[in-house]
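Asks: Structure below; questions to follow.
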Amino acid sequence: MLTFQLQKEDTRSVQELQREIRRLAEEKKAVILAHYYQRPEVQEIADFVGDSLELSRKAAQTDAEIIVFCGVRFMCETAKILNPTRKVLHPNPESGCPMADMITPQQVMALKEKHPDAMVVSYVNTTAEVKAVSDVCVTSANAIKVVQKLPARKIIFVPDQALGNWVKRHVPDKEFIIWQGFCPPHFEFTAREVKKLKEKYPDAPVAVHPECHQEVIDMADFVGSTSQIVQFATTCPAQRVIVITEVGLKHTLMKKNPNKEYIFPDSMNYCGSVYCCTMKAITLEKVYTTLRDEINEVTLPEEIIERAVIPIRRMLELT
Ligand code: SF4
């Protein structure tokens, strides 16, 4: 079953909490941003729900005094970097991204020293410190386009090996040095499991996120970021679609087009199902207390903000 443990409140108290959060947001002129992988009840109270790129753009453009970011730490940092005069609040400061923590700025510097002619391309799923030593950032939605436009022939790609290999396939004229990081939830999906689903639902096209294993990507009819999967799955002619990404996306898919069936795999990860544990650690209660008391503010050294904004802006310009 593709379900995860929701909060313990009954339906009524969930609704009350949601109303109270929205009231506070209006009162404090706060904007609430939520990633697609957030719990459904958290997505419901957000002003905007989207993927990393869409939320980065919203964070950069907002004139709200407070940004409550329901996502993982690197996303909150990106919001702060792009709009440093705003107060960015993270409802659960412990929610980091395991993949982002798989590389340090020191490791990037060592790669740069070894390959001085290469440009460092970092997935936005990196810490602010890693961004600060990168040449350009990418998301899974724009990585191919950005790398194609770079003047360097040699690319250091960090930290996701799956996305790096996916880009390498599409940009064959460049040389790649790819860091061996990975997204634990997306690496849980196996080709065997996808094959079984394809046999069970032969009429359903398969949409896969590029953070998955290469052999899973090879079985896809469509490969794209979460927002690109939303577009494909909700508008393609097929009545049902096999979706190989984090299960939180199901909520958006059902909202955008409830007339279709979205089939997610049943595989289990270290949290008990294929979902991102750190994303799901953000609950309505945490959003409520964070906004009410204006706690869990995201702060970064000025020097890091000044350096990390350069590769993010470069990405936004190139796309
Ligand atoms: S889904 Fe993967 S990449 Fe995204 S926050 Fe979770 S661990 Fe990080």
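In case you wondered, yes, glycine gets a Cβ from its N, Cα and C as well.
TrEMBL entries are annotated by machine, without manual review.
As annotated by TrEMBL, iminosuccinate binding site applies to HIS35, SER52, TYR123, VAL124, ASN125, SER140, HIS209, PRO210, GLU211, THR226. The [4Fe-4S] cluster binding site feature in TrEMBL is assigned to CYS97, CYS183, CYS276. Positions annotated as coiled coil by TrEMBL: 7-34.
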Asks: List, in residue order, those binding-site residues out of HIS35, TYR123, HIS209, CYS276 with a Cβ under 6 Å from any atom belonging to ligand 1.
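Replies: Among the binding-site residues listed, those whose Cβ sits under 6 Å from ligand 1 are CYS276.
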Asks: Taking every protein chain shown into account, which of the binding-site residues CYS97, CYS183, CYS276 has the largest tally of Cβ atoms within 10 Å of its Cβ?
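Replies: Highest number of other Cβ atoms within 10 Å: CYS183.
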Asks: What's the CA-CA gap between CYS183 ([4Fe-4S] cluster binding site) and GLU211 (iminosuccinate binding site) in angstrom, rounded?
Replies: 7
Asks: Between CYS276 ([4Fe-4S] cluster binding site) and HIS35 (iminosuccinate binding site), what C-alpha distance do you get in Å?
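Replies: The Cα atom of CYS276 ([4Fe-4S] cluster binding site) is 11 Å away from the Cα atom of HIS35 (iminosuccinate binding site).
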Asks: Should HIS35 (iminosuccinate binding site) be counted as helix, strand, or coil on the basis of DSSP?
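Replies: It is in a strand.
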Asks: Cβ within 8 angstroms of the Cβ centroid of CYS97, CYS183, CYS276: which residues besides those meet this for the [4Fe-4S] cluster site?
Replies: TYR37, VAL72, PRO98, MET99, ALA100, ASN125, PRO184, PRO185, HIS186, GLU211, GLU246, THR278, MET279
Asks: Counting distance between Cα atoms, which of the binding-site residues HIS35, TYR123, ASN125, GLU211 is nearest CYS97 ([4Fe-4S] cluster binding site)?
Replies: ASN125
Asks: Quick one: give me the count of other CB atoms within 10 A of the CB of HIS209 (iminosuccinate binding site).
Replies: 27
